[in-house]
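Inspection log for the structure reproduced underneath, given as structure tokens.
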Amino acid sequence: MALRETLSLLVLLLAYLGLALGGLPGYRMNRAGVALVGASLLVLLGALDLEEAWRALDPSTLVFLFGVMVLNAHLGYAGFFGWVAEGLWKRARTPFALLVLLSLGSGLLSALFLNDTMALLLTPLVLRLARGLGLNPVPYLLALMGAVNTGSLMTPTGNPQNILVASLSGMAYLDFLRALFPVAFLGLALQVGFLALLYPETRSLRPLPPPPPLRYRLHPGLLRKGLLVASGLLLAFLLGYPMAQGALVAAGLLLFTRRLRSERYFMRVDWELLVMFGGLFVLTEGVRRLGLAEALLPLASSPLGLLLAATLLSLLISNVPAVLLLAPLAKTPEEWLLLAGGSTLAGYEPSRLDANFDVG
């Protein structure tokens, strides 16, 4: 093996090690930094030039992800998530009802608005509610943790790896939903049963006192516009409109406003995630050019093998890198769905919660 190929292989090994560990020991880099540095070193070594690195990017995935983040930012500023959470709490008359509504509600919200957003926004609300009602917060936080994972499975907009799968496969939103909704719903039901078994106090049917007021600001004008755009975007997805284009148009409509400065939207965009995606596209192209992708071919010999590979690789190097590495092996819609399912459900492993943006 030539020196350039040897050094490129070393860069890839170190990059994926850094992705697995969340950074390289002794260096103050997170996964986004590791992916970007690895990509830049591949360009420096000549494994691919800058133009080839640009071609390795998938703009539809990046635009889709950006558009969903802008929508989430707008709804967050409008007070939408606090408003929905308050509505759920008021309908939870008993500890068991709270467990069920929290699981189903946060699962559905994560399917529509990204699981990381739901985990970050709902965690303090759940803590405040449980303490205000005199309940043990642990089972309800576990319910939130599981629901944002399981619920995000059912749609392309549920989590970053699903966005990637939908973009690379070209699968329609409705086809994705039709295939994975039953799996996600079954998972949520099993979660409720398991937590009720593990924490007997959650099975109680005693009436709860009125919930404590949630601290959030509701902006009716922003809320109306956000719900109108979100509803239009969902309808466009269901009718088969290209998802990246729809998300970009939605972001543009929301940014066209006199109420909020654009900077406030951009403050809530997860730029680190977008940078990590870009770096990973280049790293994956480096894997392909060095012929390393062929080593993964035996994993695609059966649907079960592909599912296990997606799950195990997601646990080792996190969800998005795993999907990118295995994407060339997915040839049918069923195989793409297995990639989405395996990589998402791998988020249940506690030591990898950060890889799927879960609560800790």
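Each residue, glycine too, has its Cβ placed from N, Cα and C.
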Ranges in play 125-144, 265-284, with TrEMBL marking transmembrane segment at 265-284
On the domain 'Citrate transporter-like' (29-332), the mean of the pLDDT values is 91
